[in-house]
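Here the structure comes first, spelled out in structure tokens, and everything after it is commentary.
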Amino acid sequence: MQLYSKMLAILAVPACQAFLLPLAAHQPGEANQIQGHKNARQNLHKMHAKINKDIAMHGLLLWSSMGFLMPLGILVIRLSIREENRARAKAFFYIHVILQVLSLLLATSGAILSIKTFENSFDNHHQRIGLILYVAIWVQALTGLLRPRRGTKRRSTWYFSHWILGTAVSLLGIINIYTGIMAFHDKTSRATWVWNILFTAQVSLIAFLYLFVEKWDYMRRQGVASGGDPTTPSPNNLTSTQVESGKELVLVPCSKHNALKNLFD
């Protein structure tokens, strides 16, 4: 009888262990551990979503600043220089100033977001070029504020420096937008070919308009009107002037007649 009782006790121990183990898995400590893993996964997902949102906001700010407003401001000041109407030229100049100030503010906002959110180790081209641009745009803004008066000796030197720096900043900003798109693709593995195509089309359009403005005066001087028909000089706006050095008759506009007369007198 005692032997039978001992055998029952030996067989009962594994059965109790098999019964108690599932209960132990559902103890409060184990439940808290499972809940902790679930919360960690949720926090990680939220963190990735926030980082992607910050990257998109950073890209939007820098595209608006250096990819759109700054090139547009350069195009507008080119129109201002070639505008003969003084009031329109002044309006173009103020539009240029407004566009450049907005560009500066947006770029500064993008820089602050980058410093606060991202790991700025400056171990890639995008971050290094970005650092150079953040300094250069503020230098360009200061040169704009220190513009000498027209007619002074420093005016031509200032104009050349302001033009070179502004063009360099705009071109470097466009290049850095492309490197930013590449960095976004490397970090998120998302397709970015659509953004590359759209940005290339926008830059090409602005470049075309810039070159068109450069050639517009030349086209007008060639006698090409806006409708494409060649213009013919009329007797009402032309005057004959006999040039002493040549035997041929030259037709010059009336508006330039007095200047040419003073030149040869």
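Glycine is treated like the rest: Cβ placed from N, Cα and C.
Any TrEMBL annotation is an automated prediction that lacks curation.
Marked as signal peptide by TrEMBL: 1-18.
Taken from TrEMBL, the feature domain 'Cytochrome b561' covers 7-220.
Among residues of the same chain six or more beyond the transmembrane segment (55-79), those with a C-beta under 8 A of the stretch's C-beta atoms are 92-93, 95-96, 99-100, 102-104, 106-107, 109-110, 113-114, 117-118, 130, 133, 137, 166-167, 169-170, 173-174, 176-177, 180-181, 184, 187-188, 199, 202-203, 206, 209-210, 213-214. The transmembrane segment annotation in TrEMBL covers 55-79 (among others).
Look at TrEMBL and you will find 91-115 (among others) tagged as transmembrane segment.
Same-chain residues lying 6+ beyond the ends of the transmembrane segment (127-146) with a Cβ under 8 Å from its Cβ atoms: 62, 66, 97, 100-101, 103-104, 107-108, 111, 114, 120-121, 158, 161-162, 165-166, 168-169, 172-173, 175-176, 179. Per TrEMBL, transmembrane segment is recorded for 127-146 (among others).
According to TrEMBL, the feature transmembrane segment maps to 158-181 (among others). Residues 58-59, 62-63, 65-67, 70-71, 74, 124-126, 129-130, 132-133, 136-137, 139-140, 143-144, 146-148, 192, 195-196, 199, 203 of the same chain lie 6 or more positions beyond the ends of the transmembrane segment (158-181) yet place their CB under 8 Å from a CB of it.
Residues or ranges marked as transmembrane segment by TrEMBL: 193-213 (among others). For the transmembrane segment (193-213), the residues of the chain that approach it from at least six positions outside its boundaries are 63, 67-68, 71-72, 74-75, 78-79, 82, 174, 177-178, 181, judged by C-beta separation under 8 angstroms.
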Please report, as numbers and ranges, the same-chain residues at least 6 past the borders of the transmembrane segment (91-115) whose CB is under 8 Å from any CB of it.
54, 57-58, 61-62, 64-66, 69-70, 72-73, 76-77, 79-80, 83, 130, 133-134, 137-138, 141, 144
